[in-house]
């Protein structure tokens, strides 16, 4: 008979897992390697969500401001990686924090090596830290969508660092740290309905509110996606990455994780059906690629808090209902009088709230028990009606905290000398790409420039800033060299 595997235990005397020159730090995980290997794989594919969001946002923007969203996806990844290693991980997951925020016990990645992680004893802490860092990066990338087509890039990166510190980390601590007040309530949030989606949706709304509406000079393309192909490609990467986002959030390689992965695909698929149905009825028989992509994302958002708590058919219902609700909120910007044209609030804010609420209704004990570790969480469907109230507490707390604190932070940056959150009206009209980047734009403008040269008309791709403004007869040959 094979020896029974003993689960690793955290030893406060060796918070880093021990001295690897003296002991074998891999020994406690022997026979359990498949758990952290699976989580590392999930983390790698979660990373694809970051450029996926960049491509999605780029396609949704007008062409003249599309490059900025691609650039920000990589920059946000870099900024959040630094923030997380500096103090973000410690503020969210330190073992000695309080109910509202962690302390600096793991400042600068101190002792984050080989000890069993605070999220699961099956994972070395370095794996858990990486996985959660990518959650934070995805969330911040979602938030910066609130600045599209008028927000300056450098201030957005400063905001990203600060927002991750004072908004995301405390909310992650509330929700997933064993000391957190929502964790002990308990509210049910399997993979980030609150810290990721509700928080980012309300923060993006705050960003758009503080920046003000975009300049609208009557252009026919105002508010229209410039490239549905980029939107489709970005959605595909996001959908793929979401298998790791939800599939790994049980923090083990159990059957519960497999159920969560199946539920992810199911909800996204039914989200496509739900959004498309609403649009088909609204437009009297027409379809939309961007609408189908929005439906997929709405379904993914809706199932995120519920993925490890519900059966596959309930996952289908949650994905379908979330997409329908989000699609019916088409004119929410007009009602709020806030120009949040990237639909971050509609998809992530509203979708996250719907998903969290439905989790309180449909959570089933038998699904959470699939991990074999004694996890038992029930919702109203199992007779625990009070869980709906707990979910509403989570929704209200995270929504209000994220919106109010984001507004305070943005106003502080807005009135900080030399920060200037928003580009000038002239820069907005010519596009962020010409204003913020060095001779780069989405697509190939060379044919238009050659035509403009021969016709004596300034090309759309010509440099518009005063520092680079020269006669176009010398500008085109210079680019041809």
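All residue numbers here begin at 1 and follow the chain in the order shown.
Cβ coordinates come from backbone N, Cα and C, glycine included.
All TrEMBL annotations are machine predictions without curation.
Looking at 196-215, 416-435, 436-455, the range tied to transmembrane segment in TrEMBL is 196-215. Range with TrEMBL annotation transmembrane segment, chosen from 392-413, 458-479, is 392-413.
Two recorded stretches are said to be in contact when at least 3 C-beta pairs lie under 8 angstroms, sequence spacing 6 or more; the transmembrane segment (196-215) and the transmembrane segment (257-278) fall short of this definition.
Proximity of the transmembrane segment (121-144) to the transmembrane segment (38-60) is established through 3 or more Cβ-Cβ distances under 8 Å for residue pairs spaced 6 or more apart.
Between the transmembrane segment (156-176) and the transmembrane segment (350-367) there are fewer than 3 Cβ pairs closer than 8 Å, counting only residues 6 or more apart in sequence, so the two stretches are not in contact. Residues 259, 262-264, 266-275, 277-279, 291, 294-295, 298-303, 346-347, 350-351, 354-355, 358-359, 362-364, 367 of the same chain lie 6+ residues outside the transmembrane segment (310-329) yet bring a C-beta within less than 8 angstroms of a C-beta in it.
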